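What Swiss-Prot says about this one:
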- 2-159: domain 'Obg' (DOMAIN)
- 166-173, 191-195, 212-215, 292-295, 321-323: GTP binding site (BINDING)
- S173, T193: Mg(2+) binding site (BINDING)
- 371-444: domain 'OCT' (DOMAIN)
- 457-503: region 'Disordered' (REGION)
- 457-476: compositional bias 'Basic and acidic residues' (COMPBIAS)
Amino acid sequence: MPQFVDRVVLHLQAGDGGHGCASVHREKFVPLGGPDGGNGGHGGDIILEVSSQVHTLLDFHFHPHIKAQRGNNGAGDHRHGARGEDLVLQVPEGTVVLNSKGEAIADLTGKGTRMIVAAGGHGGLGNAALASKSRKAPGFALLGEPGEAKDVILELKSMADVGLVGFPSAGKSSLISVLSAAKPKIADYPFTTLVPNLGVVNVGHEVFTVADVPGLIPGASEGKGLGLDFLRHIERTAVLAHVVDAASLEADRDPVADIKALEKELANYQEELASDSGLGDLRERPRVIILNKMDVPDAADMADLQEEELKEFGWPIFRISTVAHKGLDELKYALMDIVKAHRKANPVEEKPAQVITPKGLRKRSGGRFAEFEVEADPSAEDAFIVRGEKIERWIRQTDFENDEAVGYLADRLAKAGVEEALYKAGADAGSEVTIGEITFEWDPQTAAGVDVMRSGRGTDVRLEQNTRATPEERKRASQARRGLIDENDFGDGEVAERERWQG
């Protein structure tokens, strides 16, 4: 089972919005209570939060499918549905979020920093919120919007102070095991280390962290070997330590050649970086050279032969043996001094917790008018596509099983100018029109240039046909019953309906 996971693909489904409620108030002696349907609750968001208690993406490796809670539906008596609970996923500091195309969306640093990675759908309005002067009791409500569904990639970049770099089998894992309490896998063959190992080194009352990353080979910046899986873990390190096998017997390998090959790959990788990590150019960070395996016969003689050339790099040189535990204390104190100097020269400001909202996140567009565009559908004749965030949201929220809801949608589209735009684009009655995921045959409600009808198609006729007697009529009915007036003695145009008077 993997213990360290630094790259995962998540399949996210934010919570759907709850549906609005279509309800009419019912109460004794209140026959015309009016609409009282409540709104649906918003769906839950999926949020990434930086936590100091998490150091790997291991949990997401086993549970990549993540779904947030749905909003509750509205109910009668103006009861609104509860909002779906947000789902907060804790990630380690240094996590980079990429979209499905591999493009970086956000770099999560700073404890408590949050990012809304998938937005929940908005709840639908109930018929109480849809009532107006011309539509007194709508017999429909709006549906809740579906939550965002997307795939994102999480990549973890190590946040160590010192990064151990070197060719495979140079002794990096052995070094971190003797400097700290880390227990990496150690064996005498290349690429024993396949994932980074992190260790904490105590130097008196001070500490620094060190990362043992997978071995490097020529062409790593182009993806060879472990390639970018190695290189991204040294982007954030403050100090780079070249670990060199001083006892290598290969003809084309020596300490100087190894370091030059490593530096070439680092330079190539720096040119590919899209943004600065905050620690400056990777090629300008402090470096040290660690000649390992000095306990091997002839290793010291080989190091002596290369001493002058190694000094030309201008970096401190340390000779150690992880097997014999020689030179380790001197190395630890030297690394601590370099780390302290680098921290002082590059102070890291404590970033306050913030909420990051990526540009691609779906959100409701404000304003009274809907922006849209109409274009011909290239895949079919006499077909058109209408694109617009607000227009497409109207489609998602319409219950197409309810004729009154469809009429309400048609009114909204006409008032927004969609019909006029379709006329100008060359559409005729019967043309196929696609909005969002819905395709329908266009049945224009108005001729070109004619104003839209003011009375909405969703008007409830029942409330306009009032059959109750007026107070004056009830008064005259009472007088007629008592014989004060003749019940047939009415003015022209009046109709005597005893049942109505007495009702």
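Here the Cβ of each residue, glycine as well, is placed from N, Cα and C on the backbone.
For the binding-site residues S169, S173, S321, counting C-beta atoms within 10 A of each C-beta gives the highest total at S173. For the binding-site residues K172, K293, the greatest number of Cβ atoms within 10 Å around a candidate Cβ is found at K172.
Residues of the domain 'OCT' (371-444) grouped by DSSP class, helix first, strand second and coil last, total 30 helix, 17 strand, 27 coil. For G166 (GTP binding site), the count of additional Cβ atoms within 10 Å of its Cβ stands at 23 [all protein chains shown]. On a Cα basis, S173 (Mg(2+) binding site) lies 11 Å away from G166 (GTP binding site).
G166 (GTP binding site) carries neither a helix nor a strand DSSP state and counts as coil. Secondary structure at S173 (Mg(2+) binding site), taken from DSSP and collapsed to helix, strand or coil, is helix. Comparing S321 (GTP binding site) with S173 (Mg(2+) binding site), their Cα atoms are 13 Å apart once rounded.
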